[in-house]
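So the structure is just underneath, and the comments pick up after that.
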């Protein structure tokens, strides 16, 4: 759950301000924990059946056809969106690593670093399956904990900047409002474990006496405590030390001690390599299924080779074209993560359990749905505006 989204939290805080920022962080933490609980509960609500995929649950709630059309496109957007953002993150962290370790070297363009990062995936994508996924996950978990800790630890060490300001950066009211929307998307992007929670629960053995939701819920609680320990210090300390001059990726704001920051950026690269593969797997699966079942291609190594390379090349190309970490986060966070994380579980819950009108459960779900819908409509507007503003001064492929 602790993804590279945590690095943009100080920047989101700078666009939200102290009061709203803390409120949004805590609200998101509570709402996503609640929707996660709903998904853990719904995994085995039909005796003798387990919903192992998000879209299976969707088909049960909304009907065979409609369920697929509601859930699958959103999951695809989430998975492709994460892959694109991770291309940019990986490239930026490699660049920062290079600049920190060797400050006198010739400046190398970000485009090349994204290409270097993508080259790893042209190889990794062809691994037949992820038997060692637990190893990858463990490495990624250790990495994300380490770089979160380094991010706020190094900020504390650096101390409050002499000319620190906590006001909004934008000069105009419109700018402030749009930045506010975009920051909501940044926060939504950081809380995004819901797309894989059912697949994870599917691996836990279950009997009628001991359903899988027991151990799964305990795991979720532990995960959320860790999430709070990673997210809140980074967001609050990062903003407190740098104020509104913080970069959209906190590790880029920090300079000293050089070896520590270089190490943190390397951790990010390793973590993002693993995460990219995890999110790309379902997309490969879907594309290959469609090609073989619907378009009657022969399943072969050649087919797989071509499809996977094309996908990696596609995400790399988009990443090189729009290498704006903050804007992309806001855009995808609101557009794709808000539905699957904040309100789809609530809609399914209402459709399946049909709680009494105006009861506590009914109110809770509707509040989450309204909050999530606002997020979904507003954040992409802010994120898109940021991308456009940054693209104005940016020479493409320069």
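Here the Cβ of each residue, glycine as well, is placed from N, Cα and C on the backbone.
TrEMBL labels come from automatic prediction, so no person has curated them.
Per TrEMBL, the features are:
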- 1-382: domain 'Amino acid transporter transmembrane' (DOMAIN)
- 16-37: transmembrane segment (TRANSMEM)
- 66-89: transmembrane segment (TRANSMEM)
- 110-127: transmembrane segment (TRANSMEM)
- 133-154: transmembrane segment (TRANSMEM)
- 220-242: transmembrane segment (TRANSMEM)
- 262-284: transmembrane segment (TRANSMEM)
- 305-325: transmembrane segment (TRANSMEM)
- 331-353: transmembrane segment (TRANSMEM)
- 365-388: transmembrane segment (TRANSMEM)
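The transmembrane segment (220-242) makes contact with the transmembrane segment (133-154), as judged by at least three Cβ pairs under 8 Å among residues 6 or more apart in sequence. Nonlocal intrachain contacts for the transmembrane segment (66-89), taken as residues 6+ away from its ends with a CB within less than 8 angstroms of a stretch CB, comprise 3-4, 7, 54-55, 57-60, 114, 117-118, 189, 192, 195, 249, 268, 272, 275-276, 279-280, 282-283, 286, 315-316, 318-320, 322-325, 328-329, 332, 335-337, 339-340, 344. Relative to the transmembrane segment (331-353), the listed stretch 16-37 leads the set 16-37, 110-127, 133-154, 262-284, 305-325 in CB pairs under 8 A.
Contact between the transmembrane segment (305-325) and the transmembrane segment (16-37) does not hold: fewer than three of their C-beta pairs are under 8 Å, each pair 6 or more apart in sequence. Non-local neighbours of the transmembrane segment (133-154) in the same chain are 2-4, 6-7, 226, 230-231, 233-234, 237-238, 250-251, 254, 256-257, 260-261, 263-265, 267-268, 270-271, 274-275, 277-278; each lies 6+ residues outside the stretch with a CB under 8 Å from one of its CB atoms.
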